[in-house]
Amino acid sequence: MATAGQLVEDFEMFGVALEDNKLVEKCLELCNQYGIEGEELAACWVSFSSTHGVGAPSEDTLEQLERENLAKPKKKTISHTPNEGFKMYDATTLDSLGCDNADQDEDLLAAYGGTPTIQNKRAHTPERNSSRKRHVGPARSISAQFSPATLSPSVATPSLKYSSRTNSGTVVATYGDVNNATWTADPTFTPEVKSLALGGEVPLTESYKYMFEKVRDAGEALDDAITVLADQMMALLGQEEETHLRVASNERVCAVGRVCCDSVGHLNAASVLLEGSRSASGAATVPLDLSRLKQYSLFPGQIVGVAGVNPTGNKLLAQELIPGKLLPPPTNPVTISSSTGCVQVVVGCGPFTTTDNLLYEPLTDLLTTIQDNPPHLLILLGPFLDAAHPFLVKNELSETHEAVFSRCLRIITSALEKLPTKVILVSSSRDVCGPMVYPTPPYSVGVGSGVTCVSDPALLDIQGVVMALTSTDILFHLGKEEISFPPQGSDRLGRLTQHILRQQSLYPLYPPAEGMCIDLEQAEMHARLPSTPHILVIPSDLRYFAREVEKCVVVNPERLAKGLVGGTYTRLELHPPSPDTHTVINSINAKVVKV
């Protein structure tokens, strides 16, 4: 049951403030009436506000949300009558051939992480409306390929909601000494950028065969993750060896295992299981009693160390809980100096176009800003053509996905071809033109010189400063599954970020979120952190921020486009480390800017 305080926190996590008590009471009424949690209502509001272009919630807009989303009855599943016999087709019914099992095909596609078409089963070219006006202006010069002359009117109509924004260029979050930052790159200096390995010996540079993973191999990968962290956390518990989870003992015992849920549904304090490793506990599970802990924060897949008593061998009464172990910082030297000057980096995350067209107006405006003040490095994280875009879901495109994707890349390369800026493209499993698997291999499309494609996740070395990046919204996925006690005991966004660093993985959640297809063997080699990075970039639908967490500068640049409106991007300035402290995090400046 949602409470007023929890509702306010759930909405604030999405950057929405419920300042009026009447709004809080209305939200509580909706939660109780429709049997939903506060976080689900907050997510529903974010989707509704993005679609309708509304700002802060009011009583009228909440009532409209109730009418259009909550009060609508769910669609019933269409039942199919089996054994209808062999069908004959003639010239009038030939078009229906292959459509009889369309629903089963859509279910199968969705089961493997695809995006099924919701309405039209056949692609129809939309009719052109000659009354629509072409948009002409200086901001469209970069994306001239997306003019209405080459795309259908519905796809190429400029967004009135986006073009009417008034907060472009506004700084909404900062970190470091931004008042003394220059935010200007020295064009004579070219920083060295290298791709580092994550977990394995080499970084992920090419596609691999997925959907061939054996259950035995997946189990070994999961068990290895427990074993790797067990040795580190046992030292924190003051023990040398683990105790079998099912051994009865009235004395203090220590064990390390993975947090699981004992039923189908969300984790709660009464459903927590601890799964041990094969070597220490034979992969046995035992219920975990959390009643004696003053505070805890858990999610499925988290590897924890537990000290407590197990009188009967059937339940472990936790007295102490270790939520993970931080890795040491990178040992490679930072080569940024006063002679080289600062390194300027711009980071933006997709989607790069609003949901009412495919003109890529936010991307165009970002590139125009970069042309005026070019950085040394531009990092763009996918998706570049989101599989969840309404035009793709409804099959309203008049050209192939590859053509739109390639044109988007040409916009980037043509805008920066005369600049010294290096471009790094981070792949995304949400991209319709890439494999929908995690870890996601780099894009295989041809790009020009000065453009580098890396995998998701990726680890970069920028003049000795180590930056970890992922285009997957792990913060949102963790936030949906995490339980914490006391409910409002700490900063939630900081706590979710701590999980990533302490679990030493860029996707520690297991089972993964719905729609995520993870190859566990590849994730073990290409998603585990070898050290605590200096900078961690984790784009999310949750509220933007730039802060220090566990001696790491963590940045959430959010999305460049959010529904019908523009989003944010991040500028980073990397200074030489101070000779007194030799710490890198104190020499990093960051700001989150409205596009």
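Cβ coordinates come from backbone N, Cα and C, glycine included.
For 142-163, the entry in TrEMBL reads compositional bias 'Polar residues'.
When DSSP labels each residue, the domain 'DNA polymerase alpha subunit B N-terminal' (6-72) comes out as 49 helix, 0 strand, 18 coil, counted as helix, strand and coil in that order. Taken from TrEMBL, the feature domain 'DNA polymerase alpha subunit B N-terminal' covers 6-72.
Among the features that TrEMBL reports, domain 'DNA polymerase alpha subunit B OB' is placed at 220-323.
As annotated by TrEMBL, domain 'DNA polymerase alpha/delta/epsilon subunit B' applies to 345-546.
Per TrEMBL, the feature region 'Disordered' maps to 116-163.
The average pLDDT the prediction assigns to the domain 'DNA polymerase alpha/delta/epsilon subunit B' (345-546) is 94. Across the domain 'DNA polymerase alpha subunit B OB' (220-323), DSSP classifies residues as 22 helix, 41 strand, 41 coil.
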